[in-house]
């Protein structure tokens with residue numbers, strides 16, 4: 001009695017005691033195989049946890065361990081990761097049923113259930129359903145099911161079990177306080193994610209939700225975003241490597257004001273792109289001051305989107321990590337972002353642009369390659385009006401190479417493209433038409449188009465034409481006639497000719513209704529082609545620079561009426577079928593900025 005001490009008792013009570021066979025790499029098939037585990041359970045008075053991670057458990061062995069667990073009502077942590085390697089699909093649910101039934105008999109009160117890295121699937125979930133609905137889980141705080149291959153069906157089964165658990169716990173007077181759900185790499189897809197969202201919205205108690213790499217698209221993202229609004233205590237939210245796109249980012253951004261305690265948000269590799277960055281930036285600028293970690297890496301965000309995000313960090317005094325690596329900033333854009341971040345007291349939070357360094361090395365290689373290509377191209381230009389066989393052969397060789405490279409994925413417009421129609425470009429176009437047309441259109445480059453304008457002359461002129469020239473296009477279907485010229489070219493030639501034919505019509509848009517209608521149709525055709533060839537960012541930036549809405553690294557003079565071209569673009573944006581929301585919103589943002 002003299003050694004009786006409340007403090008020591010409290011300390012002892014606070015110390016977890018348990019049994020671990022972690023990473024023993026043992027194969028347990030029979031009761032005899034697990035005798036050491038059973039003996040430990042029988043001998044140890046207090047067992048708060050049992051760690052079986054890294055072994056493989058059969059049905060009979062699970063039944064024997066279950067007999068030992070029945071003796072421990074104080075049991076609270078089932079650390080059962082990676083324990084069914086090499087097992088038959090029929091063994092897993094049976095083994096889980098034995099373990100779960102034992103905990104129910106013992107009257108255990110689980111706080112942690114970790115079954116990560118087990119190939120459960122819907123079949124394995126059948127072995128968990130009874131346990132998850134039982135009083136054993138009324139006290140559950142952490143449910144860890146990473147890399148369990150649940151699929152949509154397994155996700156649906158889990159959701160229903162959690163909703164039933166919530167109802168059962170409330171009815172028994174023990175409200176469920178599940179705080180953590182780790183469900184990455186489960187192939188939930190939209191159907192499974194939507195079902196899980198129903199559970200999240202029902203429970204309303206989550207502080208951490210991790211759903212990395214689950215093949216979730218916009219339908220699932222919308223449902224999840226709505227469910228997050230009902231979990232105001234969320235501190236960690238991780239949906240890396242799902243396909244949010246800008247639409248999904250908008251939905252998540254709408255949920256952020258409902259999450260004032262958020263400390264970590266991770267949406268890397270989610271294809272949110274620049275428009276998605278705008279959505280996040282706008283929301284973050286207004287709140288979420290407690291954020292410490294933000295991961296938006298590898299999202300194809302351009303430097304404008306990166307700057308918007310950095311500007312939203314001004315009210316984040318606790319920021320420790322801001323990961324924007326792997327986006328499409330370019331060297332100059334990266335420098336601007338680093339410069340803007342350096343003005344903040346949390347400047348050290350910005351992670352290095354390691355991926356950008358790799359891209360810079362590739363850019364240097366490509367630049368060297370382009371220099372070599374340019375030298376070869378100059379030889380062609382020297383023979384632009386030469387009709388000799390030698391000149392024709394050289395020209396054809398270069399054109400073949402150009403076509404091969406024309407549709408390659410484009411990465412950094414601001415640094416790698418000249419934003420003007422150069423003589424080299426027009427020479428190339430004219431070499432693809434007849435020699436007589438080529439010489440005629442060269443003459444057009446420095447004077448007004450001839451009295452009667454043809455579709456060829458209209459499209460291939462280096463300068464915009466007059467209203468008189470436009471009116472002299474006397475064919476019934478001007479759009480079809482112009483497109484027939486554009487469609488004779490491929491790759492970048494097709495793209496650039498389409499852009500500048502559009503601008504030629506837009507140039508006259510406020511003086512001619514017919515020109516305006518053509519410009520609207522051609523703007524749409526331009527971005528339909530950009531989407532089809534996966535060049536949205538490239539073409540968007542190119543047109544923005546031609547309209548003086550985006551700074552251009554290379555100074556150039558334009559003969560086009562920018563005001564008229566912008567007017568036609570605004571009319572095109574009103575069309576419900578124009579491009580997509582990302583392109584529409586980007587144009588609207590820049591146009592509004594130009595007006596302010």
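Every residue gets a Cβ built from N, Cα and C, even glycine.
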Candidates 436, 466; Swiss-Prot annotation phosphoserine sits on 436
Residue among 56, 433, 490, 577 with Swiss-Prot annotation phosphothreonine is 433
Filtering 427, 434, 589 by Swiss-Prot annotation phosphothreonine leaves 434
Sequence-distant residues near the repeat 'LRR 6' (259-286) by C-beta distance (under 8 Å, 6 or more away from its ends) are 207, 212, 228, 231-246, 248-250, 252-253, 292-302, 304-306, 308-309, 311-316, 318, 323, 326, 537, 581-582, 585-586, 589
What DSSP reports for the repeat 'LRR 6' (259-286) is 14 helix, 3 strand, 11 coil
If one takes Cβ-Cβ under 8 Å and requires six or more residues beyond its ends, the residues near the repeat 'LRR 4' (203-230) are 146, 162-163, 166, 176-194, 196-197, 236-245, 247-248, 251-252, 254-255, 258-259, 261, 266
Residues in the repeat 'LRR 2' (107-134) per DSSP class, helix first, strand next, coil last, are 10 helix, 3 strand, 15 coil
